[in-house]
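Colleague: There's a structure below that I have some questions on.
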Amino acid sequence: CFFSFFFSLWLALQSQSVLLDIKQMNGGDCFKLYSTQLSFDNAEAKCVEDGGHLASVHSANEQTDLTAIMGQTTPLIGMKCTDAVTAHCTWSDGTNVDYSNFPAPGVLPLPAFGSCVHLDSTETIWYPWNCASPIGSFLCRIPFNAPVTTCTGDYVAYNGGCAALKKTMRSESDAEASCALEGGHLASIHTEADNSFYSTLASNQGLTNNIYIGLAWNTPGNKYKWSDESDVTFTKWANQFPNTVFGECVQMMLSTEFGTLGQWTNIPCSTQMAYVCWKPSGTTPIKADPVCPGIQFFYDKGTIYSPNFPVSIPSGQTCEYVMATAVGTKVSVSFPVFTTDANTKLYLYNGLDDMMPTSTLSGTVNPELSFESTTNVMKMVFTASAVTTGQGWQADFIATGDPVTDVPPTFDPLTQCPQQDYTADTYVYSPNWPNPYPPMSDCLYHIHSRDNRKLVVQFSQVDTEQCCDYVVVYDGPDNTSKVLGIVSGQNDATVKQFYSTGTTITLEFFSDSNNEGNGWIATVFDI
């Protein structure tokens with residue numbers, strides 16, 4: 001209990017519950033005494049958060065030992081009774097009722113005072129208490145060697161796992177997908193203590209709107225169903241509910257709009273609202289959505305995961321990933337994790353337009369290996385087989401080499417054209433860049449490969465008069481060579497790129513007599 005004491009003390013400070021004492025009984029279970037004003041359900045929720053339940057007492061010796069830690073308190077314990085007969089009482093931890101100490105043997109007097117039970121520090125008699133009324137202290141019983149639940153991020157320990165309130169407004173399906181990505185589901189609720197815990201979790205974080213829980217109407221099964229497939233053993237419907245006329249999903253009310261705080265009503269599943277997740281302790285979060293959303297772009301450096309990583313590989317998908325680094329650098333990618341079946345492939349390509357992959361990966365990949373592009377762009381195409389095995393892959397990419405230095409251009413004082421001859425890798429600009437270009441421009445740019453290789457030119461910013469001011473790209477040493485393309489208009493967001501078939505490329509810029517724009521900038525580098 002020593003580690004458990006310090007861990008529980010830290011949890012108590014976080015939740016503003018005052019932990020007065022903790023005691024291990026004869027090398028067995030731990031008992032924790034809290035001094036906090038809570039009702040039975042909220043006290044039970046706190047004990048469940050600690051990995052136990054409100055205390056059950058099974059012998060006179062346990063009763064005597066508990067008296068030693070109670071001080072002047074009158075703590076609530078985990079018994080509930082339906083009437084004045086002890087045989088009709090139960091412990092919240094589900095253990096047998098084999099001991100009691102009511103004023104008369106086997107009888108709980110004056111049940112009108114309440115169905116719950118508290119102890120008294122001045123005598124060993126048990127007394128009734130109204131379950132809904134807060135009491136100044138309560139006792140938790142934590143099983144011996146109960147695992148300590150460790151939760152991270154916005155998750156808190158609850159019921160052997162981790163629970164979290166998510167304030168991002170989502171539809172029910174998106175909320176469930178968000179919980180699943182972190183290894184769990186929308187919360188299922190099986191006791192009054194569960195319900196109280198989640199309503200308190202939301203209220204304590206200042207939420208006054210309603211929240212999704214994991215219950216929804218299942219039309220094929222003609223019944224309500226929890227998203228985690230657990231049995232529906234508890235409900236807390238508001239008056240006149242359930243009623244699928246109002247929607248097939250279920251919300252917990254944090255207001256009294258249709259009834260009492262914590263009750264449930266139906267809601268359309270498309271409604272955007274906050275929600276609560278629960279996941280088992282130690283669950284590995286899913287790093288990527290099970291369905292890839294078409295082409296994905298990544299810049300500078302980062303980590304990319306296969307769909308549903310690291311749980312499994314969904315079958316029959318094709319996904320594309322484009323990685324781009326600074327001009328002049330190359331993309332280097334390695335795979336710390338790579339496990340697939342032989343028919344599931346990851347293809348690596350130089351740039352966006354290459355038709356032949358430079359590498360094809362499947363099965364396992366040595367994590368010490370790295371794969372490098374010849375340009376600052378690499379594309380990966382992932383195809384999953386019809387019957388997949390393995391957890392998928394993690395790709396870490398970085399830039400290698402030195403980026404091209406953006407040297408301020410110099411311009412001819414008469415024509416305002418920049419220099420004519422360049423060697424890749426380099427930047428080229430419109431006349432007078434970054435200021436508007438002059439009218440009646442006619443500027444040539446001759447670019448040569450530094451390493452006797454092919455070239456690619458990329459236009460990243462373009463602002464010219466669409467009709468009449470334009471750049472012509474020639475596949476060769478001068479403006480008599482084959483035209484690869486013409487660039488004009490506004491093109492800030494999308495990169496335009498052209499590839500040479502040889503070791504030289506030529507640009508020529510024309511402008512008319514009016515309506516000048518801000519100009520353009522392009523990079524040219526070897527591939």
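Each residue, glycine too, has its Cβ placed from N, Cα and C.
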Colleague: Regarding the disulphide bond with Cys292, report which of Cys269, Cys277, Cys319 TrEMBL records as its partner.
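Modeller: Within the candidate set Cys269, Cys277, Cys319, TrEMBL assigns the bond with Cys292 to Cys319.
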Colleague: What are the helix, strand and coil residue counts for the domain 'CUB' (292-400) according to DSSP?
Modeller: 0 helix, 55 strand, 54 coil
Colleague: In this predicted model, what is the average pLDDT of the domain 'C-type lectin' (158-278)?
Modeller: 89
Colleague: Report the DSSP secondary-structure composition of the domain 'C-type lectin' (158-278) as helix, strand and coil residue counts.
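Modeller: Going by DSSP assignments, the domain 'C-type lectin' (158-278) contains 26 helix, 40 strand, 55 coil.
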